[in-house]
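Here the structure is laid out as structure tokens; the discussion comes afterwards.
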């Protein structure tokens, strides 16, 4: 099945192609067999529940029925991603030839790039600089590119970094294009060991190092000193921080045009892209709607200044790794067969700097790659928050029915015919960036990025597809974008906790994929979205299987079939089938066995920590007890921490309540496994307790880094004694709590 863009009736150059995965038929057949096995297991649990003779056995049977029902539901919804896997290829050389044949850049659509940052101390400004320069240097008509940097922290340090980027771009852009550099992030390019350097490389590198020192010194001071201000326009811009008493929660709008394509030229006298710094107005009395609110301000500000039909959204640390990426996106966005219903082209989120075995499973192969391949065979991938090319029209209603904004200048087809530095344009841009502008408008609800969830990307993608839009997953061999992954366990778990809360907000909203979504998306697509919405409920079966069988083992109580019983085979099939399928999918997407092992370990760690805490915080908020906060994931790297991460060591140094259930489970499983082992050595028959011993041993094997951090390590990444003591007391209390009902079951 091929889809292509035609330039003439006689000959249609192939711009993209699609092929179905060969394993689809196997996945469907395996799902049918496995589903039957699940039904048999649930029937077995139901019979045991009905025939329970004691209160303890009733509780045990009920617990396993509930937990395995959740496992069955999550497995079933996960299969939706495996039913329609497709792969795509793009041919940007054909698009480039088609458009360049006319010897004019006017056929390239304008491109607005939104780069989001919020805190220079958690998201280093130099990462922002590298990301900004990498997209400014695209192989694309520079006069068609406009880069908007959204600084939601309102920091003069970030503005200074953007000014330095604009100055360095004067030399960097022509250097990249003259020498056909592929890695157009300067930080990445100069860090690589190139076999040959160009004659001017050393000079450019000196300029970059000088710029780095200036930005780092300003970051260290926390403000821009007079010695770094070289022009009166710069002094005027920074005076706003002095005159208005800036705080990140309360400050006026700042819009600073740093480069204008029709005026500014580079060292080779070629036009440069537009570069605009935007910090929206904030007030403690007005809701700001986190990242979604910042992106909607960018939508409006860019509409008043350039109003490009194509929008690229990036996080500040997600630099471009391929200068031809926009051409790949245009292979779909300019296809007449797709463009009327195509909302966005999503690229995978890929991280660099991950250690060899991906200790914290930060590649997220399933949500950021494998699952998107499956969704692409239906209505398209969900929006994952970065690396996404949007059709601006998609933010204003369904494909067939436009929702007009409150002023005509914000319409997606509005034409801007004035300079971006003209007074009327700047006045309107400041107006639409005010904190109370959205009051009594449709922004965030029917127009723009959608409010109502901490995972605004997931919710926005869901809403767009429910309105009738579709999307495309573009996964080229060379990664289009590369970003930073957290290297601290507590940062990883906090990030997942935020995602868990946001997913539950969507699940229980009026736009839940189980109710609203199924009418618009169909059963398969809506169940796939449902899997994301309820993925935090993994904590229920994982917590039960981490504690209940092991506590029963300590009391000599069998809860699983004996080796000689037929149902033992059922358990073996279900366990090996689930893990085998998971390993197969992981290996197909270029994973390794060691990486897969770490991935399944992190799945258990998340289930016992961030998933449970996310559910708890969500329901406390529903009761009016708690409030949500949008916590940024720190991208700042500590040298010692980085060294430990490179060695594959877990980082437990930060004090966090999320570590307590992990360590408690590790203690309970170790004690129960050793107790069972002693019984075996004493000659006791353990046939009925084999599966419980195996499960405890499996958890112990996964928990080896926890034991090491508890007892053997002396570095700053070890588990604090207070956390270990708390977990030990909790394990003892848990043992005492369940002793009575379990003794009653014997």
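Glycine too: its Cβ is placed from the backbone N, Cα and C atoms.
Fair warning: this is a prediction, and the values are worked out from it, not measured in the lab.
Around residue 152 (active site), a 10 Å sphere centred on its CB holds 24 further CB atoms from the protein chains shown. If you look up TrEMBL, you'll see 152 (among others) marked as active site.
What TrEMBL lists as active site is 457 (among others). All chains included, 22 other C-beta atoms sit within 10 angstroms of the C-beta of residue 457 (active site).
Its own atom aside, the Cβ of residue 122 (UDP-alpha-D-glucose binding site) has 15 Cβ atoms within 10 angstroms in the protein chains shown. The UDP-alpha-D-glucose binding site annotation in TrEMBL covers 122, 123, 152.
Annotation comment: TrEMBL describes 291, 315 as Mn(2+) binding site. Cβ-based neighbour count (10 Å, all protein chains) for residue 315 (Mn(2+) binding site) stands at 24.
Annotated transmembrane segment per TrEMBL: 25-43 (among others), in sequence order.
Annotation comment: TrEMBL describes 55-76 (among others) as transmembrane segment. Taking Cβ pairs closer than 8 Å, the transmembrane segment (55-76) reaches residues 34-35, 38, 41-42, 45-46, 48-49, 527, 531, 534-535, 537-538, 540-541, 544-545, 548, 552, 559, 578, 741-745 in its own chain, all 6 or more past its ends.
Under the heading transmembrane segment, TrEMBL lists 529-548 (among others).
Among the features that TrEMBL reports, transmembrane segment is placed at 608-630 (among others).
What TrEMBL lists as transmembrane segment is 658-681 (among others).
Note on the transmembrane segment (688-707): residues 545-546, 549-550, 552-553, 556, 558-563, 568, 571, 600-601, 604, 649-650, 652, 662-663, 665-666, 669-670, 672-673, 676-677, 679-680, 719 of its chain, located 6 or more positions outside it, place their CB under 8 angstroms from a CB of the stretch. The transmembrane segment annotation in TrEMBL covers 688-707 (among others).
Taken from TrEMBL, the feature transmembrane segment covers 719-738 (among others).
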Cα-to-Cα gap, residue 315 (Mn(2+) binding site) vs residue 457 (active site), nearest whole Å: 12
122, 123, 457 filtered to the recorded positions whose C-alpha is within 10 Å of residue 291 (Mn(2+) binding site): 457
Positions on the same chain near the transmembrane segment (719-738), where near means CB under 8 A and six or more residues out: 547, 551, 554, 652-653, 655, 659-660, 663-664, 666-668, 671, 706, 709-710
Other C-beta atoms that fall within 10 angstroms of the C-beta of residue 291 (Mn(2+) binding site): 21
Distance from residue 457 (active site) back to residue 122 (UDP-alpha-D-glucose binding site), taken between C-alpha atoms, in Å: 21
Number of Cβ atoms other than its own within 10 Å, given for residue 123 (UDP-alpha-D-glucose binding site): 23
For UDP-alpha-D-glucose, whose listed binding residues are 122, 123, 152, the greatest C-alpha pairwise distance in Å: 13
